[in-house]
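Asks: Here TrEMBL flags 6-22, 34-55, 61-83, 95-119, 125-144, 165-184, 196-220, 232-252, 258-277, 289-308 as transmembrane segment.
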Amino acid sequence: MQGVLTGFAIIFAVIFVGWALSKRGVIGAGNQRLMFNRVAFYAATPALIFSSVAVSDPQFFLSPVVLVVSGATILTSVIYVVLSRMFFRQDVPTTTIGAAGASYYNSVNIGLPVSIYVLGNATHVIPTLLVQMALFTPVILAFLGSDSGEGTPLQQTWKSVRDAVLSPVVLASVAGLLVAVSGVTIPQPVMEPLEILGGASIPMILMSFGASLTAGGVLASKEHRPGAITATVLKVAGMPLVSWLLCLAFGVGPELTYAAVILSALPTAQNVYNYAATYQRGETIARDTVFLTTFLSMPAMVVIALLFGR
């Protein structure tokens, strides 16, 4: 578990740097902070996704773990939407971010160490990252841009879907998939700059996240508190339970079931906050959910390991 603890410690350290710089006025609370998110969204994160997916093994793209976790993502999102409609109505973009916070897990800077040190390998992480980026991200971005107020409802829907499908993170994931499937080897002079640029993605998102904490405490907003708490509970407890039930239903073996449940307990991805901050929709819920699940997912994974006799 030392690698997992190290992964969490690194995240909190970079978040603290962003918070400290904002406190000292080095990073402004408004557009200065959002600049980090925009650079990450349009340049660094696409580079990270492409350089990761392009070198992955295509034979694991449709493994039982990937299918179960993807199914759990969809079902958990639906549960959040239903609960939101019943108990705390929100606009479409905010509901979208809440649903993403409840189901869209951190597959890179927490997912990789968890896979390596808890599961023994990173076989399932990159394929699930690809599914997140190629399938779920366009849906999230389409709903985030659905209330732009420009044109008729049909025109707004078409524009949001078009912009989502053509967004840099989605195009990068599709391009990476094509390279991985084709077996083409990208020359090192081309791949090296992408890897360097991709390395800036997570630090920029985390520093912006840390800077955002100076604008208000976690769960300080009464309006968004129910959504953040619901998304947090679903992420650390609901989604692992859904994955376990799906594994039972489809007869998945114990080792793969353990992998699916552990991955489902990972905290909400910082990309959810990055999307919210970039589109300036549902940012408070995204920030609070990322913060809370990052703290709570570790004990959740310990409980899961004990239940599986690990």
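Glycine is treated like the rest: Cβ placed from N, Cα and C.
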Asks: Near the transmembrane segment (232-252), which residues from the same chain, at least 6 beyond its ends, have a CB less than 8 A from one of its CBs?
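Replies: 64, 68-69, 71-73, 75-76, 79-80, 101-103, 105, 260-265, 267-268, 288-289, 292-293, 296-297, 300, 304.
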Asks: Count the CB pairs under 8 A between the transmembrane segment (61-83) and each of 34-55, 125-144, 289-308, then give me the winner.
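Replies: Between the candidates 34-55, 125-144, 289-308, the best contact partner of the transmembrane segment (61-83) is 125-144.
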Asks: Can you work out which residues elsewhere in the same chain, 6+ from the ends of the transmembrane segment (196-220), have a Cβ less than 8 Å from its Cβ atoms?
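Replies: Counting only partners 6 or more residues beyond its ends, the transmembrane segment (196-220) has Cβ contacts under 8 Å with 11, 14-23, 27, 29, 33-34, 36-37, 39-40, 43-45, 47-52, 108-109, 228-229, 270-271, 273-274, 277, 283-284, 287-288, 290-292.
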Asks: Okay, the transmembrane segment (165-184) and the transmembrane segment (34-55): do they have at least three CB pairs under 8 Å, pairs separated by 6 or more?
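Replies: Answer yes, regions in contact.
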Asks: Sequence-remote contacts (6 or more beyond its ends) of the transmembrane segment (289-308), Cβ cut-off under 8 Å?
Replies: 1, 4-5, 8, 11-12, 98, 101-102, 106, 110, 114, 118, 209, 213, 218-219, 228, 231-232, 235-237, 240, 254, 258, 261-262, 265-270, 272-273
